[in-house]
Amino acid sequence: MAVVPIRIVGDPVLHTPTQPVPVGDDGSLPADLGKLIADMYDTMDAAHGVGLAANQIGVGLRVFVYDCADDRGLTERRRGVVVNPVLETSEIPETMPDPDTDDEGCLSVPGESFPTGRASWARVTGLDADGNPVSIEGHGLFARMLQHETGHLDGFLYLDRLIGRYARSAKRAVKSHNWGVPGLSWMPGEGPDPFGH
């Protein structure tokens with residue numbers, strides 16, 4: 001359908017919990033949801049992302065798309081959409097994240113990445129694009145993506161989970177880019193790729 005701008009940290013839509021997608025009495029989803037999902041896929045693909053939440057493109061609905069390997073370095077990927085996701089995870093470690101294995105980035109924090117503590121396993125249940133029940137789960141990178149995208153839908157960025165020196169580094173990065181204010185976005189496919197793809 002269309003590649004659309006991705007909102008940058010500081011935009012209120014990223015820091016506000018999303019609303020559930022309305023489901024009809026017959027289990028049907030809104031007719032215009034298909035266009036939103038297509039735009040989300042196009043935008044995620046153009047940005048070379050592994051996931052994208054609706055509020056990252058300015059739509060406050062509880063839906064995300066993904067195209068993610070089960071773990072780093074693997075070429076086989078899983079691709080899909082989850083509407084009205086509910087997240088379940090294993091325990092999140094209370095130790096400092098490892099900068100070599102726990103690095104995480106975000107399309108709404110373009111070009112930056114920071115070690116982030118996440119559960120090693122996660123499952124999301126919800127609906128697919130046709131309103132059918134869906135349950136997806138995984139370990140490693142896939143689990144990280146599930147937690148990251150549902151976090152967006154709850155009104156949080158991964159920066160909100162950072163601790164210690166990583167949180168301080170992220171605050172400096174946001175300030176140095178003049179982010180943290182409403183109205184900023186970037187357009188995948190235009191200009192240099194902030195992630196170097």
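Quick reminder: no glycine exception, Cβ is built from N, Cα and C everywhere.
Database features (Swiss-Prot):
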type: ACT_SITE; residues: GLU149; note: active site
type: BINDING; residues: CYS106, HIS148, HIS152; note: Fe cation binding site
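Projection of Swiss-Prot feature records onto the structure.
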residue : record                 : contacts (Cβ under 8 Å, 6+ apart)
CYS106  : Fe cation binding site : GLU112, HIS148, LEU157, TYR158, LEU159
GLU149  : active site            : GLY51, LEU52, ALA53, PHE64, TYR66, VAL82, PRO85
HIS152  : Fe cation binding site : LEU14, ALA53, ASN55, GLN56, PHE64, SER108
Please work out the number of neighbouring Cβ atoms within 10 Å of the Cβ of HIS148 (Fe cation binding site), leaving out its own Cβ.
25
